Amino acid sequence: MKANWTTVSHFTILGFYELVNFKGILLPGLLLIYLWTVAGNLTIIMLVTFCQSLYSPMYFFLGHLSCCDLLLTTVIVPLMLDSIVREVTITFVGCLTQFYLFGSLAATECFILSVMSYDRYLAICQPLHYSSAMNLKRCFHLAFWCWVLAFMLMLLTAVQVGRLKFCGPNVIDHFFCDLAPLLQLSCSDTAFVEAENLIGGLPASILPLAFITATYIIILRAILRIPSSTGKQKAFYTCSSHLTVVCVYYGSLIVAYLFLSKGHSLSLNKVLSLLYTVLTPLLNPVIYSLRSKEIKRALCKLCKH
């Protein structure tokens, strides 16, 4: 039966074919960004794992965020770099797998960011109950369900996309197997898949954003009630890194999909897609490294050894 689902067994990834004259700049530039992203996130994971000064819920979830960023960029960038050098062909199963992994990891990041906002809420608004409410067991459970729920939700969309028929053409004018170009190539009715993806996107992205927004409104009110200016600065500093990461991640998603939905050129769409597939995983470890004194101290100790 699987053979009847599609007459297309391979897809061609065009990548940035419009910028072929700039290949000498584009390839080393994106490769350098990818290497910095891998190095930065691996450093965060290593510090959080081995430095006792970072054994806290906030940095535990930061380690998961870095792991998610590392996997997400690795799912996308190597194929993208290959498409700059030559015409890339990917199997139908490989394309579907990349789409599923990318969507699952993007949803996982949304869930982890929302859990991190909950951690900051407990630390600032309920400091006396923080150690008991955010114990090691609770941290493991929250992190576990962030990953499991994301991959389960994305599986529904991936299965529906896998059931679509692709009769040709088989050329994806993008640098990875995203949902929109796949639906454009399908000769099946994609209305149900689009509706299911929209409904599935609510718990995966919109609800976490709403939760983060509500949480920070409560946190801001609590900070404003602190009598001393020093106390206010200290409280805000504890959540500034996370808030910056949230703004970068959701800001890039909103900007990208706001433009993507208005039918701009495919070249612009690809550039905007770079925001959340390449730029955000690079900036997250940089933001925490620059704004966290604990990360700086742990990094200095590591360098001395």
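The first residue you see is number 1, and the count goes up from there.
Backbone N, Cα and C atoms are what each Cβ position is placed from, and that goes for glycine too.
Taken from TrEMBL as is:
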DOMAIN    40-288  domain 'G-protein coupled receptors family 1 profile'
TRANSMEM  25-51  transmembrane segment
TRANSMEM  58-79  transmembrane segment
TRANSMEM  99-118  transmembrane segment
TRANSMEM  139-159  transmembrane segment
TRANSMEM  206-224  transmembrane segment
TRANSMEM  236-259  transmembrane segment
TRANSMEM  271-290  transmembrane segment
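By the Cβ criterion (under 8 Å, sequence separation of 6 or more), the transmembrane segment (139-159) is in contact with the transmembrane segment (58-79), since 3+ such pairs are found. When pLDDT values are averaged over the domain 'G-protein coupled receptors family 1 profile' (40-288), the model yields 87.
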